[in-house]
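To keep things clear, I will list the structure first and then write my remarks on it.
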Amino acid sequence: MNTSGVLLRTTAVAVGLLFLSPLLYGIWISLQTANGFFSGNGEMTLQNYVDAVEKMNFLRYLFNSLIVSGGVTILSLATSIMAAYAFSRFEFRGRDLIFGLVVATLMIPGHITLIPNYLNFAKVGLLDTYAGLILPAVANGFATFFLRQYFRGIPRSLDEAAWMDGANAWKVLYRVIIPMSKPAIYAMGLFIFLGEWNSYVWPLIATDSPDMLTLQIGLARLYKMDAQEGLVNWPLVMAAATLTMLPVLLGFALVERHLVRGISMGAIK
Amino acid sequence: MISIALENVSKSYQADTPVVKNVDLDIEPGEFVVIVGPSGCGKSTMMRMIAGLERISSGTLRIGGKVANDIPPQHRDIAMVFQNYALYPHLTVAENIGFSLEMRGVSKTERLRRVEVVAHLLQLSDYLHKKPKDLSGGQRQRVAMGRAIARDAKTYLMDEPLSNLDAELRSSMRAEIKHLHRQLKATMIYVTHDQVEALTLADRIAVMNKGVLLQFDTPEKIYDDPASLFVAGFIGSPPMNFIEANCKEGIVQTTKEGTRIPITCPPELEGEDVVVGLRPENGVLSAGDKRMAIEFRGEVMLIETTGSNRNIHAKTATGPLLIVAPRSAAIGLGDNVSIGYNTEDAFLFEKKTGKRIHLS
């Protein structure tokens, strides 16, 4: 390897470590006892993980987060795929204008719609329900835009061949377009899932009962709960944060190959 | 087997610029019709209108006697082979071939049976589990064909299906397509810009140019009796020689020295410019003797050996002239030759309109 290669690799490893350092530091803290952390005597334990699961009602919050993130991912992919299919394949009056409006929604900060959404959901009695957590995120302008661009890259002759083979619009979508767009759909699905998994503000204001909290809200409560006792139990909080990360890491590992391909394919088409 | 009729059909993408103009075409049940013409002549558009992939701007399309203008493609019972094959890349060869059957709700057992029959017919049995990307051009072409014939469609459309294949494979696939037509006994419409394909495959040929259907007839009739200058020049290989002339005193005349074209002109063309068409294969090389009625004198500029024959390119006073001579013809580059034709081998066209003028 030449000098520039060595320099490049060293820089890459250094930058990688820099990005990983908060995560590794958090995991390191989570493995210490509270006493060991504050006194600095380096006493290690796995008890924090057991305590996090018990004190935080972890399994319930995990279940809620999976339902909400999974629900949003499936439903917003379903609506975005259908919208993207219509925008990429059908001629109809006002198509470009409507698509422009969909893209325009990307420029509206989510926080602006918080209060109207809250009031509307309160009116229809959906606060503190799974539907109340899922529905506001189901229409996804970015996913529609991204998938529409991807679908446009699929040759129309494949649609036409399917029409000639006897497929209708639905069959063309789920037997030709969707299977051929798997990389893009996986990538978009993971982005949506991650975004929803980390979502904080809407679950915070739309839920109230302890049984409806998601992991992120539970984590914040755990932090506050201990803080009220005068001292934050950082090893416990870090253990809970590490546990919160695990399902996402697992999901990422499963679809990473598709994700990387999806990003690059979306970019060049 | 089903009839297909186009009545005064036109297609325009923009107002005032039709790509297909007032086409009338009557295709008999079970007939093999080849639509031929240069690139951009509207032949593929016409096929796509029959398939239902393009809307018809005006006119009527009848399939089996019924008006079909608004019937969606999946309900026309037409199978199509696309120029780029349009195979589903995510499906195996077997799934590609069986796709149309699956769309029609055919049971899996029956689907597999028919896929195997078609694969056997097209010699694809060893490739059923492969994806299209793992196949050669010829194999992909067969899969595209297999996908179309797996179901018993009443009509098959083929849009330049051989254009991506090499010469040898094209020739063998041509024979297979002809054979398939005999087996399936279905109506087939085949689009190509290759006149050899048209002549070898068709029961009847539709020659198109600039969106207009110029002639619709049997290959023999198209070759022997072209309706216009364009058809005469497009059909036939090597292409027909054209000599510009003028009708004067009832006779076709050129002012060029060494040229004699004793063809009688109809009185209505007196004074008009005309074009005389002569097929290269009808020309006779006669070194110096003046036995033929039509005669050109020239110098041999190029000789192409095609195997059984030689194409002789001569420079004459009226312009370049090409004739097909037997390989035994004792002729060399730079030789002065006399090229003769019988008057009955000559075609006469009006220069202004390109219309054929029948000689009495």
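For all residues, glycine too, the Cβ spot is worked out from N, Cα and C.
Listed in TrEMBL for this protein:
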DOMAIN    A:62-255  domain 'ABC transmembrane type-1'
TRANSMEM  A:12-31  transmembrane segment
TRANSMEM  A:61-85  transmembrane segment
TRANSMEM  A:97-118  transmembrane segment
TRANSMEM  A:130-151  transmembrane segment
TRANSMEM  A:172-194  transmembrane segment
TRANSMEM  A:234-255  transmembrane segment
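Looking at which of A:12-31, A:130-151, A:172-194, A:234-255 has the most CB pairs under 8 Å to the transmembrane segment (A:61-85), the answer is the stretch A:130-151. When Cβ-Cβ distances below 8 Å are used as the criterion, the transmembrane segment (A:97-118) is approached by residues 83, 87, 127, 136, 139, 141-142, 144-145, 148, 201-202, 205-206 of the same chain, each at least six residues removed from its ends. Beyond the transmembrane segment (A:12-31), the same-chain residues lying 6 or more positions past its ends with a Cβ under 8 Å from any Cβ of the stretch are 37, 44-46, 48-49, 234-236, 238-239, 241-242, 245. Taking Cβ pairs closer than 8 Å, the transmembrane segment (A:234-255) reaches residues 23, 26-27, 29-34, 36-37, 48-49, 51-53, 55-56, 58, 62, 65-66, 186-187, 189-190, 193-194, 197, 215-216, 218-219, 222-223, 226 in its own chain, all 6 or more past its ends.
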